[in-house]
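Features reported for this protein in TrEMBL:
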- Lys15: active site (ACT_SITE)
- 72-150: domain 'GHMP kinase N-terminal' (DOMAIN)
- Pro100, Val101, Ala102, Gly103, Gly104, Met105, Ala106, Gly107, Gly108, Ser109, Ala110: ATP binding site (BINDING)
- Asp142: active site (ACT_SITE)
- 208-281: domain 'GHMP kinase C-terminal' (DOMAIN)
Amino acid sequence: MTRRPASVTVRVPAKVNVQLAVGGPRPDGFHDLANVFLAVGLYDEVTVVPAEELRITVAGPDAGQVPADASNLAARAAVALAARHGLEPRVHIHIVKDIPVAGGMAGGSADAAGALVACDALWGTGASREELLAICAELGSDVPFSLVGGAALGRGRGELLEPLETGGTFHWVFAVADGGLSTPEVYRECDRLRGDAAVPEPEASPALIEALRTGDAVALAASLANDLQPAALSLRPSLAATLAAGAEAGALAALVSGSGPTTAFLAKDAESAHAVAGVLAASGTCRTVRVTTGPAQGATLV
Ligand SMILES: C[C@@](CO)(OP(=O)(O)O)[C@H](O)COP(=O)(O)OP(=O)(O)OC[C@H]1O[C@@H](n2ccc(N)nc2=O)[C@H](O)[C@@H]1O
Ligand SMILES: Nc1ncnc2c1ncn2[C@@H]1O[C@H](COP(=O)(O)OP(=O)(O)O)[C@@H](O)[C@H]1O
């Protein structure tokens, strides 16, 4: 008989969208994207242990903002995997949360991918990569990327991934805002701001993909683009001051991370990243500042 582990822990990274090209609204309510993801070194840890029934606990400074019930994306991941394999999801999922909540850094998606990989190992379900990716896509558009990490182009609603090569380490500073922004609201605001204007098909930028491949931070900075940024700024005008503070502090480029309200600053090197972080922290335009690098590995057993 195969011995099952008594507990499994998986570490999963946050993401920043280095390009987020958004098409018009689809009949199903989603938007077609050219979504260039880069995983970065802020992590949630998801631990699973056998239990009488599905139970979820969350630790960390922002744990209070995360649902600790069946609506948690990690709980939904466990239920989805169990259902496919004729199992009951009798598991206690504990999340140690370090990724900003509702911040445009895919923290919920990270927890879902982490719970899936952890439960697969705990239960010995032996799901293939393809099956795990299919469950991820059912749970949310960003969940497949949380599983694979690194850098990837997401097409469709972001779930159809092509891995991208990266040629080096990029240095990032993230300014975490007070409170979150709702992703569907930001997409709706994007549509509202566009009005009747024709929306081109979203296309990935060849220059941006080349900058990732060669590890050229200056070239990457010149290509960073986020079609949701005007919408995030419209809903949260105070983000303009954060973006300006980071740019003035010497960041190569500043942009909103995904749907926001976290703002992301690409720096030339580690030293410059720490300098930018110091200025941002003193600027009074954000709640906290984090310094990290990308690419980072996807969901990994620890
Ligand atoms: C904007 C992005 C950029 O990577 O991430 P965040 O910044 O929120 O982390 C993603 O597109 C968010 O992906 P995710 O958070 O997984 O969204 P989902 O759960 O799939 O969808 C939530 C809602 O967002 C909108 N949505 C999402 C993806 C997409 N391609 N088009 C959309 O219009 C829809 O209103 C949908 O009902
Ligand atoms: N495990 C989870 N971690 C964080 N948020 C979760 C989780 N499960 C469900 N949510 C809900 O999803 C919403 C989006 O959170 P999150 O994924 O952190 O942000 P974003 O979509 O901006 O990247 C939150 O408001 C929260 O209520």
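Cβ coordinates come from backbone N, Cα and C, glycine included.
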*asked:* I want to verify one value. Collapsing DSSP to three states, which class is Pro100 (ATP binding site)?
replied: coil
*asked:* Measuring Cα to Cα, how many Å separate Ala102 (ATP binding site) from Lys15 (active site)?
replied: 13
_CB within-chain contacts under 8 A for Gly104 (ATP binding site), separation at least 6_ = Asn17, Leu181, Thr183, Ala232, Val256, Ser257, Gly258, Ser259, Gly260, Pro261, Thr262
*What is the separation, in Å, between the Cα atoms of Asp142 (active site) and Pro100 (ATP binding site)?*
15
*Using C-alpha positions only, work out which of the binding-site residues Pro100, Ala106, Gly108, Ala110 is nearest to Lys15 (active site).*
Ala106
*Taking the centroid of the Cβ atoms of Pro100, Val101, Ala102, Gly103, Gly104, Met105, Ala106, Gly107, Gly108, Ser109, Ala110 (ATP site), which other same-chain residues have Cβ within 8 Å of it?*
Ala14, Ile99
*Indicate the candidate from Ala102, Ala110 with the smallest number of other Cβ atoms within 10 Å of its Cβ, considering only these binding-site residues.*
Ala102
*Relative to the Cβ position of Ala106 (ATP binding site), how many further Cβ atoms are located within 10 Å?*
31
*Please work out which residue of Lys15, Pro100, Gly108, Asp142 has the most C-beta neighbours within 10 angstroms of its C-beta, and give that one of the recorded positions.*
Lys15
*Report the recorded positions (Lys15, Gly104, Gly108) that meet this criterion: Cβ distance to the nearest atom of ligand 2 under 6 Å. Use sequence order and write none if nothing qualifies.*
Gly104, Gly108
_Secondary structure content of the domain 'GHMP kinase C-terminal' (208-281), with strand meaning DSSP E or B_ = 43 helix, 11 strand, 20 coil
_Can you give me the average pLDDT across the domain 'GHMP kinase C-terminal' (208-281), rounded to a whole number?_
98
*So which recorded positions out of Gly104, Ala106, Ala110, Asp142 are up against ligand 1, CB under 6 A?*
Gly104, Ala106, Asp142
_Tally of residues which DSSP labels helix, strand or coil - the domain 'GHMP kinase N-terminal' (72-150)_ = 46 helix, 7 strand, 26 coil
